[in-house]
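Chemist: Handing you a structure now.
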Amino acid sequence: MSITKEFDTIAAISTPLGEGAIGIVRISGTDALKIASKIYRGLRGKDLSAIQSHTLNYGHIVDPDKNEILDEVMLGVMLAPKTFTREDVIEINTHGGIAVTNEILQLILATMDHNAEPGEFTKRAFLNGRVDLTQAEAVMDLIRAKTIKQWIYVSLKQLDGSLKTLINNTRQEILNTLAQVEVNIDYPEYDDVEEMTTTLMREKTQEFQALMENLLRTARRGKILREGLSTAKIGRPNVGKSQLLNNLLREEKAIVTDIEGTTRDVIEEYVNIKGVPLKLVDTAGIRDTDDIVEKIGVERSKKALEEADLVLLVLNSSEPLTLQDRSLLELSKESNRIVLLNKTDLPQKIEVNELPENVIPISVLENENIDKIEERINDIFFDNAGMVEHDATYLSNARHISLIEKAVDSLKAVNEGLELGMPVDLLQVDMTRTWEILGEITGDAAPDELITQLFSQFCLGK
């Protein structure tokens, strides 16, 4: 899209609400400079329309009705089209705090008909062709990134256009294939046309399918980098699960007592393990109980175990294995599991020869071998074949994954039709459907309702 669309001018606070060193109030639209000029007084009284683009300018924000200075500011001027929204943009950098930023915003809104909705700045960047839908979604992922690996390898690469380029190139290749097949069909007087058309369709379909399936194979690692490695800690009550959580978090979050059943719900926290977000789920101890509240916690623990990418089973190594320990070993045997033998600071009584592989002796009381847990997790999920590749494009967005799966299904339908000897012109329908599905990923073929729903998830001011 080369021509910027005409929208109302909008404004919003772009920094988090609350106390802070600075606050930013952003204005975007054709009237941005005119609106800012009504409340901004530069040091030399220079008109904003005469100020060079992409500069910071010292001055004051003044209430024009009272002629009172509200704040000392640095005002950024960025003129279209070289801005995020491809519109004229003013950014007022104020002292932090909700009072002053909100007061300045109210002065601005008094001269406007339209306040910014959540995500509207990014939506305008999309509608004006500055970013595609994958890049717009990457902006939201950057805001929510929990670790630097997610930031660099998933969100930043997507914002830079890695997925957009791959999808657009594939769509163009599909279009070229459809055009070539169409030409061959339109000139049937040549004896070898049908064979050439079928051969071309088969080769290209297999090529596109392999590319999409390779992309799908990145989804598991991409999901882990984006959402975190869901990790459930299980064990009978009072074996040290809550203290283990505190040790990994390096702060007190869970209640640690000698009373069984202290953790009555599922506690979720994130911890950075070598750049990978680990979503630690601290479950209630799984045991038979008559306590209604604790029973609900136990059921939630079992559900967390079923949904976990990784299970940390904590056993008390200072006692022999109990029936409940053996039950938990059986319950988690199909999971990616690490067995932690806690209380190595006490005399050992557990039957080590009855335990499975992947066992780490620890002492949560003395914080012993906690680092080995982190190393083992990294070995299981990210060493060798699982290592994060710097140049790879990762699928991490559920919407993208679902659409790629649909595209693969359409390509499979083409291949199956070719095997059955169906006419190529009938199979063009499925190939065209693949082209349309991929367009939904970038936004070239996305319905308006989807676009509205996606941008509504953004924070106000972005």
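For all residues, glycine too, the Cβ spot is worked out from N, Cα and C.
Reproduced below are the annotations present in Swiss-Prot:
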BINDING   R26, E91, R130, K462  (6S)-5-formyl-5,6,7,8-tetrahydrofolate binding site
DOMAIN    228-382  domain 'TrmE-type G'
BINDING   N238, T257, I259, T262  K(+) binding site
BINDING   238-243, 257-263, 282-285  GTP binding site
BINDING   S242, T263  Mg(2+) binding site
Chemist: How far is it from R26 ((6S)-5-formyl-5,6,7,8-tetrahydrofolate binding site) to S242 (Mg(2+) binding site), counting Cα to Cα, in Å?
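Modeler: So the Cα of S242 (Mg(2+) binding site) lies 44 Å away from that of R26 ((6S)-5-formyl-5,6,7,8-tetrahydrofolate binding site).
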Chemist: When the Cα of E91 ((6S)-5-formyl-5,6,7,8-tetrahydrofolate binding site) is compared with the Cα of each of the binding-site residues N238, K241, S242, which one is closest?
Modeler: S242
Chemist: R130 ((6S)-5-formyl-5,6,7,8-tetrahydrofolate binding site) to N238 (K(+) binding site): how many Å between their Cα atoms?
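Modeler: R130 ((6S)-5-formyl-5,6,7,8-tetrahydrofolate binding site) to N238 (K(+) binding site), Cα-Cα distance: 55 Å.
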Chemist: What is the Cβ neighbour count of N238 (K(+) binding site) at a 10 Å cut-off, with all protein chains included?
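Modeler: I get 17 for this one.
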Chemist: In the structure shown, with every protein chain counted, which of the binding-site residues R26, R130, K241 has the densest set of Cβ atoms within 10 angstroms of its Cβ?
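Modeler: Result of the Cβ crowding comparison: K241.
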Chemist: The domain 'TrmE-type G' (228-382): mean pLDDT?
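Modeler: Its mean pLDDT is 75.
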Chemist: Taking DSSP three-state, what's K241 (GTP binding site) in: helix, strand or coil?
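Modeler: DSSP assigns K241 (GTP binding site) to helix.
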Chemist: Which one of these binding-site residues has the most other Cβ atoms within 10 Å of its own Cβ: E91, S242?
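Modeler: Max Cβ neighbours within 10 Å, all protein chains included: S242.
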